[in-house]
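Student: This structure is in structure tokens; I'll ask about it shortly.
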Amino acid sequence: MAIGGIASTGGVNKKYPGKLTHFVLRSCLVAAMGGLIFGYDIGISGGVTSMGPFLDKFFRSVAKKKNHSGTTNKYCQYNSQMLTLFTSSLYLAALLSSLAASTVSRKFGRQRSMLFGGLLFFAGGLFNFIAQHVWMLIVGRVLLGFGVGFANQAVPLYLSEMAPSKYRGCLNIGFQLLITFGIVFANVLNFFFGKITSDWGWRSSLGGAMIPALVIIIGSLWLPDTPHSMIDRGNHHEAKEQLQKIRGVDNVDEEFNDLVAASIASTRVEQPLRKLRERKYRPQVSLAFLIPMFQQLTGINVIMFYAPVLFNSIGFKDKASLMSAIIT
């Protein structure tokens, strides 16, 4: 289906020839699986930390307070710095790795950045699955966090650069959609694995991250890099061939020339931070800061990370807490 892409250059809207090809749809679907892993990691930790066998093995002080809830303030029964570190270490690692992920993505391409993120995801899931000590749990979560940093940087960029501009928002939102699906999927698995009274329950929940990680690893080996990334690395001939393939037409000269011009213009910006402070960019930069800031201030992350724990703290039993997290 011929749709044509639309871009803005110098204030003039351009309509490029091209189609939304099946190749692009498949590529974007595989790439968006990075969101599934992130969502899975968000949703899995709260359910696992409410499982009795998990607490008995690694956080006995918490388990003791939980089992004697009649004499302990329910609000404080999960008061453990190590238990908090188990959850938060992933996000601290993601913050640090995101600083390096942009450089890796720019120098080696979006596809390799996603592959590296997938390998880190798999290693983190494996460490958590075989964990025998708290430090192994923390190392596993840190590796998962490094994977999150790379995936969150590379996947949205990959989706934006592969999609025809007319459908860029539609395909890019697939990343967010799969994050949400990953959260729901993790809570459903927690509910069923929580019925297992042995260590295999929490091990299955934590180790489940390896399955979507394998999808990313295998998919990244098949995924092509984006024309924009190829141009940035000087591979112009390959970039043009790739653009013809993903647009499904041979006449891509205008779009290709605009991509080359944009790449050259970006290399001439000596002080990008000063450039962003220019008046014409202030609305976009302001929204880029304010939207995620207000999202955090709503407190939604507390619900996503700790929903089963919160429900358990107000008196719900373990199974009811996990089911309430699914409903939420």
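We count from 1, first residue shown onward.
Even glycines carry a Cβ here, placed using N, Cα and C.
This is the feature table in TrEMBL:
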type     : residues : note
TRANSMEM : 23-44    : transmembrane segment
DOMAIN   : 27-328   : domain 'Major facilitator superfamily (MFS) profile'
TRANSMEM : 82-101   : transmembrane segment
TRANSMEM : 113-131  : transmembrane segment
TRANSMEM : 171-193  : transmembrane segment
TRANSMEM : 205-223  : transmembrane segment
TRANSMEM : 285-307  : transmembrane segment
Student: Taking the transmembrane segment (205-223) as the first stretch and the transmembrane segment (82-101) as the second, find out whether 3 or more Cβ pairs fall under 8 Å, excluding pairs closer than 6 in sequence.
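Tutor: Answer no: the transmembrane segment (205-223) and the transmembrane segment (82-101) share fewer than 3 Cβ pairs below 8 Å.
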Student: I'd like to know the mean pLDDT over the domain 'Major facilitator superfamily (MFS) profile' (27-328).
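Tutor: PLDDT averaged over the stretch: 85.
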